[in-house]
Amino acid sequence: MSSIRSIDKNVLESPTSIPEFLLSDLSQDDLDIINDMVKLPRDQPLKKSGLVGDTPNEKGTQQPGDKKAKQDDEFPDGGLRAWLIVVGGACITFSTSGYIASWGIFQAYYQETLLKGVSPSSIAWIGSIQYALVFLPGLIVGRLFDLGHFYLVFLPSSIAIVVATFLIGQCTQYWHFLLCQGFATGLAVGGIFGCGNPVISHWFKKKRASALGYMAVGSSLGGTVIPIIIKNLLSRVGFPWTMRILGFIHLVMCGIANLTIKPRLPPMKVKGGLLNLAAFKDPPFTVYCISSFIIFLGIYTALIYVNVSASQFGISPNLAFYFVSIANASAAFGRGVTGICADKFGPLNILIPFTFFAGILTYAWPFARSAGPLLVVIVIYGFSSGAFISLLLTTIMNFGGEGDAGRRVGMFLTTSALGALAGPPISGAINATTGGFEAVGYFAGSAIILGVLGLIIVRYLKLGRWIGRV
């Protein structure tokens, strides 16, 4: 019988080079000792079979026995081509989530002009459907992405958002806006968003949170610039031409994205179909999905209603109109900074405190009744909520391998979409019933805090302790 002492020390430094005949004679106790000595990942210990040529090393890449797998699993984590992906990603977030994040401007404008006779809660359904459809198609889009059909979804969705924006300029009735700005725009954004984000998982591993953070900065820039564009164009060229100009902006941004973004890894025909229900047997994944659903019930509320609330508080309409832009500009810093921190300390460890701050600021928002206090609240809220949106997908991508990233992200987004769909109309109904925003803040803030408690449980389930990097 062989023993661990019969294996040369230098060989132990590269455990996959240990001859298989030696390993076959070792006891399981000896194999456990080797695992401890070479510090292999906890979920990939040495076993008595399948050891030669296919055991991942510490970096998660394959050993020389499988050159194709090695090539697929070596992440660039930088370089011109990889960073061009991030640039293209920033362009799509500018014209998708940045555009969607500007809904507060449309909510206020429609209430005051085009849809003056429609209740705020009914108008909120247009924005709510937009928010939901950013995530809801993720289940189908993510699966198509994994199967290699990236361009089949990405290009038609890019064309659709341009066409839908042009059509919004022709809308006059509530149902027109519901179809064009709610459903058509939402589905187009969902197709782009659901394909664009998983591409990052092909190009970045160690710097994934940073890359997604930089990509999300485009969303903040869009949410900052688009409301200002709308504000200045409405009085000069009117609503129809304002929307046409936005359509041309989408055309440029989506054009750049289609020229720069491409998947790197080959299609992965993983087991299962559209759904991987086995993923929900993993408690951290399931609790993370539920927690995010709850957070989405309240995370967008302050951003959507801050303009309306500012006007009700007697703040100048000229200043109130810019609060959405201010919040989104602050979110740009939150997304960039927290992405870098997440690569060092773990995305969930950064996500938890910043989302908690967003909940506290949502409580405070209805009680900031003058320009100065409301400005402070909305700046800090924007920074904190920006971190939540930036790191949301980073965490879920790290819950499994890259070959199933699209489907896993898709299932998560579809679950979260239900919260994004229900949250704003509930807040609108509470506002209509109470005549104020205090109860709205209580509802939205409590939803966010409850979701944060769920995220803390996710960290415990993942690590087996309350503190650690995850």
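Every residue, even glycine, has its Cβ placed from backbone N, Cα and C.
Unlike curated entries, TrEMBL annotations are predicted automatically.
Positions annotated as domain 'Major facilitator superfamily (MFS) profile' by TrEMBL: 284-470.
Per TrEMBL, the feature region 'Disordered' maps to 44-73.
Residues or ranges marked as transmembrane segment in TrEMBL: 82-110 (among others).
Per TrEMBL, transmembrane segment is recorded for 122-142 (among others).
The transmembrane segment annotation in TrEMBL covers 149-168 (among others). If one looks beyond the transmembrane segment (149-168) by at least 6 residues along the same chain, the residues whose Cβ comes under 8 Å of a Cβ in the stretch are 95-96, 99, 141, 177, 180-181, 184-185, 187-192, 194-196, 199, 243-244, 246-247, 250-251, 254-255, 257-258, 261-263.
Same-chain residues lying 6 or more positions outside the transmembrane segment (174-200) and placing a CB less than 8 Å from one of its CB atoms are 85-86, 88-89, 92-93, 95-97, 99-100, 106, 110, 114-115, 118, 122-123, 125-127, 129-138, 141-142, 144-146, 150, 153-154, 156-158, 160-161, 163-165, 167-168, 208, 211-212, 215, 254, 257, 261-264, 393, 397, 405-406, 409-410, 413. According to TrEMBL, the transmembrane segment annotation covers 174-200 (among others).
Annotation comment: TrEMBL describes 212-230 (among others) as transmembrane segment.
Taken from TrEMBL, the feature transmembrane segment applies to 242-261 (among others). Taking Cβ pairs closer than 8 Å, the transmembrane segment (242-261) reaches residues 84-85, 87-89, 91-92, 94-95, 99, 154-155, 158-159, 161-163, 165-166, 168-169, 192, 196, 199, 226, 229-230, 233-234 in its own chain, all 6 or more past its ends.
What TrEMBL records for 285-307 (among others) is transmembrane segment.
Proximity of distant same-chain residues to the transmembrane segment (319-338), defined by a Cβ-Cβ separation under 8 Å and at least 6 residues beyond the stretch ends, is recorded for 98, 101-102, 104-105, 108, 213-214, 216-217, 219-225, 227-228, 231, 302-303, 306-307, 310-311, 350, 354, 371, 374-375, 378-387, 389-391. Positions annotated as transmembrane segment by TrEMBL: 319-338 (among others).
Here TrEMBL flags 350-368 (among others) as transmembrane segment.
Residues 97, 197-198, 200-201, 208-209, 212-213, 216, 219-220, 285, 288, 292, 295, 299, 302-303, 306, 310, 313, 315, 323, 326-335, 337-339, 342, 347-348, 350-351, 354-355, 357-358, 361-362, 364-365, 368, 405, 408-409, 412, 416 of the same chain, all 6+ positions outside the transmembrane segment (374-397), place their C-beta atoms under 8 angstroms from a C-beta of that stretch. If you look up TrEMBL, you'll see 374-397 (among others) marked as transmembrane segment.
Summarising the annotation, TrEMBL assigns transmembrane segment to 409-427 (among others).
Listed by sequence, the residues of this chain that lie at least six past the ends of the transmembrane segment (439-461) yet keep a Cβ under 8 A from its Cβ atoms are 283-284, 287-288, 290-295, 297-299, 301-302, 305, 348-349, 351-352, 355-356, 358-360, 362-367, 423, 426-427, 430-431, 433, 468, 470. The annotation transmembrane segment is assigned in TrEMBL to 439-461 (among others).
Highest Cβ contact count with the transmembrane segment (285-307) among the listed stretches 122-142, 212-230, 409-427 falls to 409-427 (criterion: pairs under 8 Å). When each of 82-110, 212-230, 350-368, 409-427 is checked for Cβ pairs under 8 Å to the transmembrane segment (122-142), 409-427 comes out on top. Counting same-chain residues at least six beyond the ends of the transmembrane segment (350-368), those with a Cβ under 8 angstroms from any Cβ of the stretch are 295, 298-299, 301-302, 306, 309, 334, 338, 341-342, 374, 376-378, 380-381, 383-385, 387-388, 391-392, 395, 436-438, 440-442, 444-449, 451-452, 455-456, 459. For the domain 'Major facilitator superfamily (MFS) profile' (284-470), the model's average pLDDT works out to 83.
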